[in-house]
Amino acid sequence: MPLNLPDKLPAIELLKEENIFVIDNSRATQQDIRPLRIVILNLMPLKITTETDLVRLLSNTPLQVEISFMKIKSHTSKNTPIEHMKTFYTDFDKMREDRYDGMIITGAPVEQMEFEEVNYWDEITEIFDWARTHVTSTLYICWAAQAGLYHHYGIPKYALDKKMFGIFKHRTLLPLHPIFRGFDDEFYVPHSRHTEVRKEDILKVPELTLLSESDDSGVYMVVARGGREFFVTGHSEYSPLTLDTEYRRDVSKGLPIEIPRNYYVNDDPDKGPLVRWRGHANLLFSNWLNYFVYQETPYNIEDIR
């Protein structure tokens, strides 16, 4: 089944060019099934890029998925046209009475600040709490994973000596967990962050289960509440050139940045990236949608509690 997206969302045409099947609302209303309702709280600066990355992965499923985009009132995006935000994004205040089968909360470029110093901290923690009673399963990504673990479970974050930047090998700790259906024993994930959460802190909290880690990049995936919360520290959703764009941006600004590890062919930026995380990324999102959203959500969406 295709994704059901808002009419005229830029991602529609971009993904059609990649031969990915998507439909707009007008076509979806002719299909007599209840689609899964997924809300995305997109905190990344380049909204359209992140929308496209996530929608690309959510399309890899036999389920019809209806996507909505949430925004917070206490922060104004400086890198996305105002008209785009007005057209496709809705304030949390206007969505708080709604319920959703799944939610994705993205990373944000605020990780080097203390959580409480982030200007939208009060609002986003209200959203974290709201999701527990209005969403069947929530997927927290990168900074959102750190923030969610801190808010719900008191897990601290720690500054790294240098940026964790590149593609890193990971292993599953519970290979029979449904989120890992189809995974290889080892798989690769992009990371781009200045902070981390640590294994020893996760293991102290009985409500948390560590699912995956890396010798190089540490904690990768944590689950709580029987799959109603997933915390993922990497960026499986990244497109092939995202790390390249970040690297060249920082070089042009004269910032201290190393070549992303295990990313370019022969570590040569001129040769482009070697993509080895695409298969894992598609499995991660399709398994989450199937086993923790579709299989768990009630048919009557108002029954979500």
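Each Cβ is built from the backbone N, Cα and C atoms, and glycine gets one as well.
Listed in Swiss-Prot for this protein:
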- C142: active site, acyl-thioester intermediate (ACT_SITE)
- H235: active site, proton acceptor (ACT_SITE)
- E237: active site (ACT_SITE)
- K163, S192, R249: substrate binding site (BINDING)
- E111: site 'Important for acyl-CoA specificity' (SITE)
- S192: site 'Important for substrate specificity' (SITE)
Where K163 (substrate binding site) sits in the secondary structure, as DSSP reduces it to three classes: strand
Other same-chain residues whose Cβ falls within 8 Å of the Cβ centroid of K163, S192, R249, the recorded substrate site, in sequence order: F165, L243, E246, Y247, D250, I257, P260
Most crowded position, judged by CB atoms within 10 A, among K163, H235, R249 as recorded positions: H235
DSSP-derived structure type at S192 (substrate binding site), helix or strand or else coil: strand
The one of E111, E237 whose CB sees the fewest other CB atoms within 10 Å, among these recorded positions: E111
Euclidean distance between Cα atoms of the residue listed as 'active site, acyl-thioester intermediate' and K163 (substrate binding site), Å: 13
Candidate nearest S192 (substrate binding site) in space, where candidates are the recorded positions E111, C142, E237 and distance is Cα-Cα: C142
CB contacts for C142 (active site, acyl-thioester intermediate) [other CB atoms within 10 A, all chains]: 27
When distances run from the Cα of H235 (active site, proton acceptor) to each of the recorded positions E111, C142, R249, the nearest one: C142
Other C-beta atoms that fall within 10 angstroms of the C-beta of S192 (substrate binding site): 20
